[in-house]
Structure formats: structure tokens, C-alpha cells
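Below is one structure, written out as C-alpha cells; the observations come after it.
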Amino acid sequence: MSTNWRELFPTRLTFIIFLLYMSLFIGQGIFVTASQESNNSYGYNTVTVVLLTEVFKLIVSTCLYCRDNNLRSLVRDVHKDRNVLALYMVPAFLYCLYNNLAFVNLATFDPTTYYLLLQLRVVVTGILFQIIFKKYLSQRQWISLILLTLGCMLKQVDFSGFYSDANDDSESAAIQAIPSNSNHSLTVDHNQVRGKNMSGFDFSLSAVFILAQTIFSCLAGVYNEYLLKDKGADVNIFVQNVFMYLDSIVCNAGILLLRGELMDAFSPHNLGTIMRFGVIIIIVNNAAIGIVTSFFLKYMNSILKTFASALELLFTAVLCYFLFSIPIYINTALAIAVVSYAIYLYTQSPVVNLGKVRPLSSLSEASSKSTAYDKRKLLDEEGDTDLEMDMV
């Protein structure tokens, strides 16, 4: 079978959104890792960074809305659809936990391992997708999802039993071979490796955190897609983003309050640690991720989103090799190979889930108030139900 590019990317703009989403997420892992100190900790308050990111997202979304409208119209729309605002508290809270756990887990895992382990969300997303949208994935689609998960599990396989110690190319053997008192010329690179978990799950607290982040990501992504395409399908996408970011600000402020850091988080000293290029680029990049993700879920779907995340592995592994001297061992290479094949298999039979939304061909359509009726009319003429999903 040939790749169904038209079903994967209905318009040229959706393909651009796909590439942009991938690029921004690759940058997230690299920027956060680069901002860490020598002991893999952070010299700034990470929750404050997440909160400031949500504030920045809110400002950008408001400005985008006001290109064709005004603030009074925004307030009126927020009040009119306040029931949708309340519904957005669920994904906002889940994304809040996800974003904060990202800093915790990137302090434990190297970026490549981090993204590999996050791919465990693929099967969970498939199950949630079927439950929420009441549609079943085809056999080929499930095979690709399972292969994707197995590829991620290869990351933690120890290949030392298949090779002699001298020829073992696994990450665990390579890390163990580094003496603790080594004065080799690559000491800086070794410190980068020794401080990170590069072998996957080790049944410790770090495994609990990565599993929690995986579950939060699955729930938030699928539920957010449901709001974008069903409950909030008639709401301007920038107003939907305003809903999400208002709720996210409340959630992150609540975390700072529970930690007793709400006032201190915005002290001159803490703000000074944030107002530097290495941290500001994280805020800007993560804000862009949030806005692009809303377009991704509205005009594509959460299943394709998980495959976009998996495709990031190849580029992340190569970039981390050059930027942080993190080696690409046989564990990672095999995992990436299986993940890549799973992505290829999926492209032959992709999920198409438009809900009440038709494909996006220009950004002006996204903010147009007159398209909601036209979109529903178009689907009704084709004989589709509100949440019908075509399977190839």
C-alpha cells in the first residue's frame, strides 16, 4: 500500500503545523537540558517558568484574536461560552502537571531516553481515543501503535548477553565502563552521561514520574481534542486557547500556593534567574508549542500527534549527540528503527477525525466566526455524524 498523504495532511497548512509541532518539541528537550546546572538541577523556579509561559500564551492568543476583533468582543465571547471555560479546567490541570513533570524528568533522563519513554502513551492514547470518540481503530492502526510501544521498550533491553564485554555496545555497559575518578579528556562529556538515566525504567520514583507524565499527556490530549472538535467546535480557536491558558494560570498559581512559594516566586532574585536567554527561550518555545498544539488537535488528531512525538526521537538523538556528546548506542538505534517502521506503517492507514471541523487551508479560517455553520453544513451534506471518523 502507498502512503495516504492526503488523509494524513488534508491541506498544505496542516503539514506545516505538523513540522512546526515536531521542531518545537525537539527544541523543548534540548533547551531544558541546556538550562540545567552541572548537577542536573535548575537554577530557577521551574513552576514559575511554567506559569509565565501560560501568561505569555494568553497574551499571544489575545493578540491573535484581536487582529479581527476587539477586547470587548473577547470578554463577551468568554462570558457567552463560560460553560466551555469550565470544561477546559480538566485539560488545563492535566497539562499543568505534565509541564511541571517535564522539568523533573528531563533532570533525570537524557532527552532521547525521555522522548522514548514518553512514547508509552501511544497505546493509552489509542484506547482513550476509542472511548471518547466512540470509534474503533483498524487492525493495521493497532499494529503500528503496538510496534511503536515495543520500539520504546527496546530502549531498556540489555544487550550484554549477546556480546562479549569488549564488544558490548549497550548504554549500560558503556556507562559502567566509565571510572568514577576518570581524568580522561572527555570528562565533561562523561559527566553529562553519568548524571542521566539512559537505560529506561529502573522501578524507582523516576519511573513513577514518567508514567504519570505519560498518563497526564494522554488524558489531556484526547480530552482537549474532544473540546476543540465537539463541545467547543463553534467557539473561535483563539477564544478556546484563552480558556485553556486562563485555567492553566490558575492551576500553576495553585501549585505555587501549595508549595508556599507564590509570593517568593516573583521576587526580584527569582525573576532575575529567569530573565536570561537560556530560560526565556524555554518560555517562548513552550508557548509556541501550546498554541501550535491547539491547531494540531483541532485540524488533525491526537493519534497523529503521538506519531509526531515519536518522529522527534531521530532528530533529538542526533542533535543531543552533537550538542551534549550523548552517544547513540545500539539500544537507542534499534528503538528508533522500530519506531520509524511503526510510523511508516501508520502512514499507510492513518486515522481521520474531523468531528465538526473541516480541513484548515488558511489561518483566517481558524478565527472566522462564520465558518462554524459552514463546517457543520458541509459535513451534514456528506452524511457524516458529528463525531464520525473514517477508517482506511
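Every residue, even glycine, has its Cβ placed from backbone N, Cα and C.
Features of the protein shown, as given by TrEMBL:
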type: TRANSMEM; residues: 12-31; note: transmembrane segment
type: TRANSMEM; residues: 43-65; note: transmembrane segment
type: TRANSMEM; residues: 85-107; note: transmembrane segment
type: TRANSMEM; residues: 113-133; note: transmembrane segment
type: TRANSMEM; residues: 145-163; note: transmembrane segment
type: TRANSMEM; residues: 203-223; note: transmembrane segment
type: TRANSMEM; residues: 235-257; note: transmembrane segment
type: TRANSMEM; residues: 277-297; note: transmembrane segment
### Selection from 12-31, 43-65, 85-107, 113-133, 203-223, the stretch that has most Cβ pairs under 8 A to the transmembrane segment (277-297)
12-31
### Task
For the transmembrane segment (235-257), find every same-chain residue at least 6 residues outside the stretch whose CB is under 8 Å from a CB in it, and list them.
47-48, 50-51, 54-55, 57-58, 61-62, 64-65, 74, 77-78, 81, 84-85, 88-89, 91-93, 95-96, 100, 224, 227-228, 265, 290-291, 294-295, 298, 366-367, 369
